[in-house]
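According to Swiss-Prot:
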- K19: active site (ACT_SITE)
- D144: active site (ACT_SITE)
- P102, M103, G104, A105, G106, L107, G108, G109, G110, S111, S112: ATP binding site (BINDING)
Amino acid sequence: MPSMTDTTRSLRDCLAPAKLNLFLHITGRRPDGYHALQSVFQLLDWGDRLHFTLRDDGKVSRVTDVPGVPEESDLVVRAASLLKAHAGATLGVDIEIDKRLPMGAGLGGGSSDAATTLLALNRLWRLDLPRTTLQSLAVKLGADVPFFVFGKNAFAEGIGEALQAVELPARWFLVVTPRVHVPTAAIFSEKSLTRDSKPITITDFLAQRGIDAGWPDSFGRNDMQPVVTSKYAEVAKVVEWFYNLTPARMTGSGASVFAAFKSKADAEAAQAKLPAGWNSAVAESMSEHPLFAFAS
């Protein structure tokens, strides 16, 4: 849990957890241009760390430089400003970001930062807004943000905002991120992208229990993976390396590729076999967002 000072003027060390898409099916394209999808989102105990300090002048300020992300377009600033305007909050905030997740990796880093901001400021500004209200704000910031506010592992539909909580077994994951940025919008616009996967139900997923044995290759797929691996040799190389060892899958629109293990030792043993210089992390599954209690 994050630490709050005695004067309740700050919240420190707030985790913005990464997510994995255990599968990702694209079932259609909506009139508004968004793609309809189905997925299961898995939270990880690995992510960026955010620190929030109250300001009395009402200003929202990001005090950490994030290369390539101007302050005014940063999702944490947009989230704080949106929440402030909605609630009529008079206080401001300084936001520090300890960026640990790679960008353009399919791990939800920016979206998770935004959700952690909404949850933390709901507590720090003493707004006491319900989770449903925060989720309605979250969807204005991006398709993945509502999941992180929802705060539980989930079966997702729509553009990712229609969520049902799902219990997943404890797992350790090895996540490998090639040093390439995959632009999500460009992948969604590719003509070769599958957009007609047959819809499933949450019952289908739970009945097959692919996550218990032989997963992740025993249930579904990531419809974006063939497109990304055909365009980015770095991602294809990681997928190929994993398949010589254990089943693996790309998360989101990439570039990260992951495999599941039953123990930390197994995940670290696989990590030790990676080629020198590859960017990787071992992380444990989580069942609930660390700031889940900051909204009702």
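Quick reminder: no glycine exception, Cβ is built from N, Cα and C everywhere.
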Near-site residues: ATP, ref P102, M103, G104, A105, G106, L107, G108, G109, G110, S111, S112, CB cutoff 8 A to centroid
A18, L101, G252
What's the CA-CA gap between G110 (ATP binding site) and K19 (active site) in angstrom, rounded?
11
Cβ neighbour count (10 Å, all chains) around K19 (active site) is 25
Show which residues of the chain containing G106 (ATP binding site), separated from it by at least 6 in sequence, have their CB under 8 Å from its CB.
N21, V182, M250, T251, G252, S253, G254, A255, S256
Taking the Cα atoms as reference points, how far is G108 (ATP binding site) from K19 (active site) in Å?
6
Tell me the Cβ contacts of S112 (ATP binding site) under 8 Å, same chain only and six or more apart in sequence, or just say none.
A16, P17, A18, K19, G47, D48, L101, D144, F148
